[in-house]
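This report concerns only the one structure given below.
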């Protein structure tokens, strides 16, 4: 499988969908979780997150609903759809291909080493 | 307090970049929540209120860029498929009538008139397209009272034609969307809400009986019933769905049983099924349409029945451009023309249904369903009558058959439908749910009135 050109922005999509795979979350929570799970490596800006979430919602990958689970404020929660899970699986596979390829190059893959 | 203004300014800047105003409130709320969360986190780290706010805003990123990005996502998209199909149907109607009009009495004059009204209809459609359809949900009572008043006024000032107030009857096609707006306003109103919808419907029904137009009645009953059923199934009234459905359908089934038992319909059904039992009386048109169809070819002019030799079909069939356009073109040009028109209408209807089902907001769903059903029922009644089954008189073949008033009304409806498909995605149903109301100052729970002073 060929890797998408928009791999970097695609990986953000993948990370967000991955977070939502476990439980429904609101925007701020996603940024916090991502930062925590990646040991502060991924510091996603709200300005990147919301446009991405809204377009994922339009494509039917996630749905949103208002709720006030553990706070007085009503928050907009996002929940992954079946279609979204499908996209996540695709993105994961794509990432794996890319990751493997990069690794092979970095380790000086057999064919590549010979040509130097 | 200055940092509060900063937050407000930040939100304003984002929204100023987003052209679709309907989504502003939603986005503002979500982003503001985010800023507050971020601020609280900074405060927990020991920063004071002002610094925390400023740091939170800095963390958010450039508001112009966020706004531009969100604008790209939330741009209203015109539904080109439905616009194209509307134009194709109008064109098909014009071409067909161009060939059939010269055969009709006053035909060319009527053709020119219809051409003028086609253009007027397109203007009207554009007007409704850009109008905000949510007013149907905001002022349902005003809209209904206005519609009812104009309809009744027309029955007073106009003279009945063949015992029917024709001008008033056109307006009946607008009642289903007004009903949709009313149902939308009955959210969480319980069984009493369902009853109110029933009363609203009953008043509309009685107005349609003044006209009287049986076909419009059928259209009203079926579309309102469908709209109400969808609302119940969506849990709109917050009641047990089964009981609510029984509350609606038991009276409907009861009335139908009474109508059938009274025998008013039995003669009509017998005649519709077999018009030849009274070929020169009430079954005349039924007999003629069937004979014309039985002599039709797939392509080309069909044969006239034996006893009409020497006459043309236009002389024996009334309304070859209006009520019986389809029968006439099948006879005159062959079944192929029928297949073409039917295909266009079917594609239009199927596309409209698919788009209705995609609507997220209940108001958009109910309004688009009401319009689509008005179309479907007109089409079915018309085709049935034109194929020789005349239980109910045809209203119009939407956008195709002659009739300037029906054309204008149908163009208004399509304008509203396109407006729903263009902006329906951004509509958010009013939050009057139980969850949202827990934030109110006054609430009523378990028979106790609770006054909450803890509201900010």
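For all residues, glycine too, the Cβ spot is worked out from N, Cα and C.
According to TrEMBL, the feature transmembrane segment maps to residues B:167-184, out of the candidate ranges B:23-40, B:41-58, B:59-76, B:167-184. Using a Cβ-Cβ cut-off under 8 Å and counting only residues 6 or more beyond its ends in the same chain, the transmembrane segment (B:191-212) has close neighbours at 144, 148, 151-152, 155, 164-165, 168-169, 172, 175, 178-179, 182-183, 220-221, 224, 228, 231-232, 237, 239, 243-244, 247-248, 251. Counting Cβ pairs under 8 Å to the transmembrane segment (B:111-131), the top-ranked stretch among B:80-99, B:143-161, B:218-237 is B:80-99. With a cut-off of 8 Å between Cβ atoms, the residues of this chain six or more beyond the transmembrane segment (B:333-355) that come close are 79, 81-82, 85-86, 88-89, 92, 96, 99, 296-302, 326, 368, 371-372, 375-376, 379, 383, 397-398, 400, 417, 421. Listed by sequence, the residues of this chain that lie at least six past the ends of the transmembrane segment (B:405-427) yet keep a Cβ under 8 A from its Cβ atoms are 20, 22-23, 26, 74, 76-79, 82-83, 86, 114, 117-118, 120-122, 124-134, 136, 167, 170-171, 173-174, 177, 352, 355, 359-361, 363-364, 367-368, 371-372, 374-375, 378, 395-396, 398-399.
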